[in-house]
């Protein structure tokens, strides 16, 4: 990252903090949140004891998307994807926000936890929106089929610093266990997402201050992406950031797969064969 980029990122980390009177965030605990009709409704979000429920980090990501709603509508994304969908709250909210684009946008969600995939499907159905939901690790098995095709990726990753042996745990622990500095899963996600983002693609991702977000921006800069803080929320214990990343012709190498031709691109992806309700 150039010195100017680093200075800009540092300013962003400071300027987007919440006011001192705002209630802070717990460490991945339950919370209530007043949502609008532009998002998934909490009473309709399905649950399972082994699935991470919507919490303040989920709400922060959706609020960041809401703040960018006009830009997202103008982008007219063809394919939106959530990596690590959990309860389905975020991907459902995104589909509701962009509902006016009608059938022009498709949605895809992945999670390593089968119970999360089932819960996400139930949440989508309860809100009358659709996404293809698959059980897989990040985008494993989809890299070639999705290369350069996804216009919007949203991620609330496992960012909590934990012992390395907790990485890869089954069930709900997979939603938060981030290993050393909370970065071990994030550092696997970033290059995988780079391969699937389209030339005009945007990535929205939640990070914790302990994750060294400036270093994440530096890594993304080396891959050809500019960044900005869309939203920041703080407590006495931690600070959460929602970053937006996009390709910048003046940053990094920008060597990436070209988007395929538009005709029949989505119908050629056998998503249904990878997971379906009740599998």
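One-based numbering along the chain as shown.
From the backbone N, Cα and C atoms, a Cβ is placed for every residue, glycine too.
Sequence annotations record features per position, and here TrEMBL assigns domain 'Methyltransferase small' to 78-160. Residues belonging to the domain 'Methyltransferase small' (78-160) score a mean pLDDT of 95 in the model.
TrEMBL lists 1-37 with the feature region 'Disordered'.
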Query raised in the report: How many helix, strand and coil residues does the domain 'Methyltransferase small' (78-160) contain under DSSP?
Result: 33 helix, 22 strand, 28 coil
